[in-house]
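These notes are about the structure you will find just below.
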Amino acid sequence: MGLNSAQKEVERGILLTTVDKMSHWAQKSSVWPATFGLACCAIEMMSVTSSRYDLARFGSEAFRASPRQADLMIVAGRVSQKMAPVLRTIWEQMPEPKWVISMGACASSGGVFDNYAIIQGVDHVVPVDVYVPGCPPSPEALMFGILKLREKIQMGLPPKYQEVAMARGGAS
Ligand code: SF4
């Protein structure tokens with residue numbers, strides 16, 4: 001279909017797409033994070049829902065109190081050895097498809113806490129889709145990470161845990 005004929009169809013209120021593209025668009029437009037914060041990074045995470053940053057523009061301002069209603073885990077802060085099994089349980093309770101953003105140096109690599117009490121990267125506990133650097137990352141940086149995640153969803157790329165399962169030959 002040429003550009004002119006496509007424009008005419010849009011003017012008539014007709015829009016053609018594929019079911020896949022439509023479902024990816026719906027998914028990326030309503031990614032709901034779990035209400036879950038671990039340390040100082042969580043303060044920056046909370047501010048993205050404020051009117052100044054307005055995460056609602058991207059449909060992700062509805063932080064859910066139950067993991068069963070959330071499809072995004074933002075790991076905001078250092079993960080202690082004690083917290084790791086709790087984090088894993090929350091992730092397992094989230095319905096599929098689900099995504100993980102590692103926010104900040106501590107979540108991604110342990111940050112300055114190179115010691116026995118802190119997990120040296122949350123990817124040892126759950127598969128991570130997007131890493132946001134910084135200590136702490138600014139709210140804008142987290143928003144950028146969420147936009148990158150939206151791009152991945154729109155492209156139809158599988159969540160990281162599905163990639164890992166495929167690499168293992170289908171076993172989860
Ligand atoms: S990355 Fe920095 S701001 Fe974030 S939890 Fe670690 S020390 Fe705190």
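Numbers run from 1 along the shown chain.
The backbone N, Cα and C atoms fix where each Cβ goes, glycine too.
Annotated [4Fe-4S] cluster binding site per TrEMBL: Cys40, Cys41, Cys106, Cys135, in sequence order. Per TrEMBL, the feature domain 'NADH:ubiquinone oxidoreductase-like 20kDa subunit' maps to 40-149.
TrEMBL feature annotations superimposed on the structure.
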{"residue": "Cys40", "record": "[4Fe-4S] cluster binding site", "contacts (Cβ under 8 Å, 6+ apart)": "Gly77, Pro136"}
{"residue": "Cys41", "record": "[4Fe-4S] cluster binding site", "contacts (Cβ under 8 Å, 6+ apart)": "Ala76, Gly77, Met103, Gly104, Cys106, Ala107, Pro136, Pro137"}
{"residue": "Cys135", "record": "[4Fe-4S] cluster binding site", "contacts (Cβ under 8 Å, 6+ apart)": "Gly104, Ala105, Cys106, Gly111, Val112"}
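Sorting each residue of the domain 'NADH:ubiquinone oxidoreductase-like 20kDa subunit' (40-149) by its DSSP state yields 44 helix, 16 strand, 50 coil. If you take every residue in the domain 'NADH:ubiquinone oxidoreductase-like 20kDa subunit' (40-149) and average the pLDDT, you get 96. Those same-chain residues not listed among Cys40, Cys41, Cys106, Cys135 yet with C-beta within 8 angstroms of the centroid of the [4Fe-4S] cluster site C-beta atoms are Ala39, Ala76, Gly77, Arg78, Met103, Gly104, Ala105, Ala107, Gly111, Gly134, Pro136, Pro137.
Cβ contacts within 10 Å of Cys106 ([4Fe-4S] cluster binding site), excluding its own Cβ and spanning all protein chains shown: 27.
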